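Written below as structure tokens is the structure these notes are about.
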Amino acid sequence: MDARINPFTQLNLAEGDAHIIRNAGGMAKDALRSLVISQRLLGTREIAVYHHTGCGMVTFKGPELKNLVKSTKPDDATCAAQVDAIDFLEFSDLEESVKEDVKFLKESPLILEGTRITGWVHDIETGKVGTSSWLVRSVVKPASPRLLRNSLVI
């Protein structure tokens, strides 16, 4: 969702090489509906979870955001009920969030067996993209476009 990131440029992809699903925090749970459609109807067999440093999702707690929304409409019970029903999926540890998203997707019965799922962190300041240290202990080059064709980046 972050406007500072252009996944096509970062990963050297051409239009049509990959499906890009963007949401606040790049959260897999929030993208599951689109992932199912992409896999079952469009043939996607590779998923790259792609988070970034400087993510706004680490700057708040869900209850604080809910109270902020409700304070703008203090007499609106419908607004309060709707915002209370939202899980904002905030997190405090960037690498852990990537790890949890990869685990969630690998364990989901909605994701096709045999799907290649990887986790990546984009450093906003340096522009480097690397796998999380729990996968590989060094920064690596982004996957080649051939590897990512017909894949999905969230």
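Heads up, the Cβ atoms here are built off N, Cα and C, so glycines get one too.
Unlike curated entries, TrEMBL annotations are predicted automatically.
Note that this is a predicted model, so its numbers are computed, not measured.
Here is what TrEMBL records for this protein:
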- ASP2, HIS52, CYS55: Zn(2+) binding site (BINDING)
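Features per TrEMBL, on structure.
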residue	record	CB count, 10 Å
ASP2	Zn(2+) binding site	17
HIS52	Zn(2+) binding site	18
CYS55	Zn(2+) binding site	20
